[in-house]
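Pulled from TrEMBL, these are the features on record:
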{"type": "COMPBIAS", "residues": "20-29", "note": "compositional bias 'Low complexity'"}
{"type": "COMPBIAS", "residues": "30-42", "note": "compositional bias 'Gly residues'"}
{"type": "DOMAIN", "residues": "56-121", "note": "domain 'Glutaredoxin'"}
{"type": "REGION", "residues": "20-45", "note": "region 'Disordered'"}
Amino acid sequence: MRAAVRAAWRIGTGAALRGRAGRPLSQAAGDGGGAEGGGGSGSREAVERLVREHPVVVFMKGSPEQPLCGFSNAVVQILRLHGVEDYRAHDVLQDPDLRQGIKNYSNWPTIPQVYLNGEFVGGCDILLQMHQNGDLVEELKKLGIRSALLDAEKDQEKK
């Protein structure tokens with residue numbers, strides 16, 4: 001999947017949708033320390049804990065209730081379209097160490113970043129591409145999450 005992520009990142013696709021979903025933002029445990037080593041919020045260990053704390057984790061600018069960039073907003077809306085409301089969101093604007101730490105951890109230069117079951121998926125462009133080609137429905141299914149889009153399709157077939 002990583003090759004596809006990098007290829008899609010080079011191609012680039014963007015979308016900014018609007019709305020609300022998810023859980024309130026949470027903060028990394030620990031204080032102090034830098035993006036390298038130590039036990040601070042940007043340390044590899046702290047980031048690893050955050051990535052693995054829940055099946056769906058998003059590092060974004062702002063919160064799901066108030067995204068502060070169009071790309072973060074688009075990620076929130078894509079998850080919302082699929083009915084994914086139980087996820088962890090971390091506002092990197094509240095913690096510069098976390099902001100740099102997540103970039104170092106994933107070796108990915110941009111925010112937002114989406115993790116499914118502890119695995120880095122990509123950012124807005126990748127999630128949008130997965131949404132458009134149906135891969136996101138399949139990845140959510142692996143996590144035991146049924147996409148709301150499947151129910152919407154079923155309702156359309158009945159009409």
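Quick reminder: no glycine exception, Cβ is built from N, Cα and C everywhere.
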*Across the domain 'Glutaredoxin' (56-121), what is the average pLDDT of the model, as a whole number?*
97
*On the DSSP side of things, how many residues of the domain 'Glutaredoxin' (56-121) fall into helix, strand and coil, could you say?*
26 helix, 20 strand, 20 coil
